[in-house]
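Now, the feature entries from TrEMBL:
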| type | residues | note |
| --- | --- | --- |
| REGION | 1-25 | region 'Disordered' |
| COMPBIAS | 1-24 | compositional bias 'Polar residues' |
| REGION | 32-51 | region 'Disordered' |
| TRANSMEM | 56-74 | transmembrane segment |
| DOMAIN | 159-250 | domain 'HIG1' |
| TRANSMEM | 187-203 | transmembrane segment |
| TRANSMEM | 223-242 | transmembrane segment |
| REGION | 280-323 | region 'Disordered' |
| COMPBIAS | 288-299 | compositional bias 'Basic and acidic residues' |
| COMPBIAS | 312-323 | compositional bias 'Polar residues' |
Amino acid sequence: MSPTNTSTLESSVAESKNTSSTQKHLLKHAIMQSEPGILTPASRSDEATEEASNEGLIHAFFTMVPAAGAVMIAMRDPRFVKWTNWQSRTALVVMPTLFMFSFSGESRHLGKMREIANETKHSSETVRWAEDALEHIDAPVMNHRETEEHLLKLYQKSVKDSGVNIVPGDQLGIHHRIANYTAANPIKVLATLALPSVAWIFYGNTGKQHLDFSVKLMHTRVFGQFATISILLGVIGFKEFMDYNGRFITEREANDRVEEMQHVRQALMSRLHADKEQVQAQQQKIKSAHDQDVKNHDVHSKKKKVQKQSETQDATDPVASTV
């Protein structure tokens, strides 16, 4: 290879490196200067609504059952039957159920929207982290395909390291859902298990006719406290296990988060390209105005020079001046 070709190749590689480095710095600057924007995209509103509805229905069911049972027990009292009609009895069952459905559904909807906002924010931060990692790679200049593949691996690694446990497939098993619910709602699970346990212990003591009522209450308190503490230790231990290993998500959800990160980067690249075109157009206008000013200045200078030469010629030619 001739020295000229070698020099040309080296200059091309250097220019490619400079261009790639410039693009990385510009993209990093765009990421740093970009506003967070909407952290809860409309495309995931159905997901939040469905989860909130399911949560509301579950709580409504567990509220309706004891409410209906309480009304049925109260129906044994003639005074309750006398003072109420079927509308008020129905309201005693329906109103707590509707309240719990609305309250729990709205609470879950807000919680889900916060989760979506955190995931969106994590996607933006991951794009920034991936660009920083890509900038410090001491490897030869990568083409566009190699760069995208490397970024895809970084995005996948970020999702795996974000405190989740990826399960193959498109749907979680029932045990995975129970595990996620227990980790997210330990107090609800504790109450759901402890209250029936204490009630069952008290019901078992009611059959012991040889014991006084105070003794039955004491036995219920002692054994109920032991059962509640045991359930509490189990729930808290399981929550610690889930916090350490991460909540379960499907492989499809992980791929969706990676795809969302790619969309965030593409949006930033599009914004960077639009800003670059705007700057180039502005610079072109400035250059055109400058060229026009230079041209006008040259024409004016030329006219002034011709006029000065004419005046000088008239001054040095007295005959022409007299005529």
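Even glycines carry a Cβ here, placed using N, Cα and C.
The residues of the domain 'HIG1' (159-250), classed with DSSP into helix (H, G, I), strand (E, B) and coil, number 67 helix, 8 strand, 17 coil.
Across all of the domain 'HIG1' (159-250), the predicted model scores a mean pLDDT of 86.
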